[in-house]
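Per TrEMBL, these features apply:
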DNA_BIND  A:34-53  DNA-binding region
DOMAIN    A:11-71  domain 'HTH tetR-type'
Protein chains: 2
Amino acid sequence: MARLTREQSQARTKAKLLASAREVVAREGYEGATIERIAEEAGFSKGAFYSNFNGKEDIFLYLLETHAGEDVVELQALLGPIENPRDLIDTLSNWAQERSTDPSWGMLALELFRHARRNATFGERHSNLFRAQWEGLGKILLRMFPEGEAPAGPTALGGIVFELTYGAASSFTNGPTVGELVKVALTSMYKAYGAEKKAT
Amino acid sequence: MARLTREQSQARTKAKLLASAREVVAREGYEGATIERIAEEAGFSKGAFYSNFNGKEDIFLYLLETHAGEDVVELQALLGPIENPRDLIDTLSNWAQERSTDPSWGMLALELFRHARRNATFGERHSNLFRAQWEGLGKILLRMFPEGEAPAGPTALGGIVFELTYGAASSFTNGPTVGELVKVALTSMYKAYGAEKKAT
């Protein structure tokens, strides 16, 4: 196997540190997750950590940005080919259900929300991040409605789905599931403001 | 002024400890909130704390139960006299908006969600609590729909509103607001499945 270039090697180090950070914060909480521990579990020194990230907040925002971006890319790939609004609603509800039951992302999101509430700078980057994520999904959802007939702008449409998906209380109820909540909200929007598309 | 009875005095002590716990956890987080600190800020000894509560989890669950119960009582009083579904939607959206911007309840809810994720027994009581709260609001919302025409059962209807109200991400976006998200979801449900009631 060819030796890794410096860029490849650095990208691999960064990815390992991110994976380690995700696991450590899900297990120990934000305050409990130390840079030493994150570096150690990834198999690196603190020096390697600091040559990739400015500190703990930086790696967590990077993690959250990566994740939020991945959600939208994943949803575009998943929903892109679907023309029929009812199929789109079913597919998105199933995605929300699966995502909401992934314990490590749920825990990580809670830790980050909590930290962002206490820290204005972190909160500002956090805010822009959510807005972009909500809007990205919302633009996909606009497809369910005739032009100008959607019940709200793309940011609000996407926000409803993401808030229900990552809603903290959902993980504690023994039903209705997140998938059901998302389906009720979207089906109602579609029935109220959408229109059946003709099969082509 | 007449001297307090033993029961009145104990109720007052309990109320002061609860108010103190709410403030301390909002400021210090769940882990950082010690029984010593909660008792001290309320003006009592640890002994007084333990004669009212079994421990830290107990006082936080009590706080959350009180709060969740209060939400439903408050909503019943607020929405009870309103017959017109669109007025009901406006009033509930405004309530959600105000509630979502109360920083101490938002922080407390996050701390408790986080703790419940890590602790199964606490999580079980938490779960029953949310279910009752969702159902309580959902029963009020059934009024928007002709009998048998609601888009989902009361628990899901209430769950959508509460998840949007206490949704963790909402507090970080610079719009759309929680009130707008709730209004879009409810207006869509009403337009899709409701019926204008005749003025009487």
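For all residues, glycine too, the Cβ spot is worked out from N, Cα and C.
Under 8 Å from some Cβ of the DNA-binding region (A:34-53) lie the Cβ atoms of residues 10, 13-14, 16-17, 19-21, 23-24, 28, 59, 62, all in the same chain and six or more residues away from its ends.
Summed and averaged per residue, pLDDT over the domain 'HTH tetR-type' (A:11-71) gives 89. DSSP labels the residues of the domain 'HTH tetR-type' (A:11-71) in these numbers: 51 helix, 0 strand, 10 coil.
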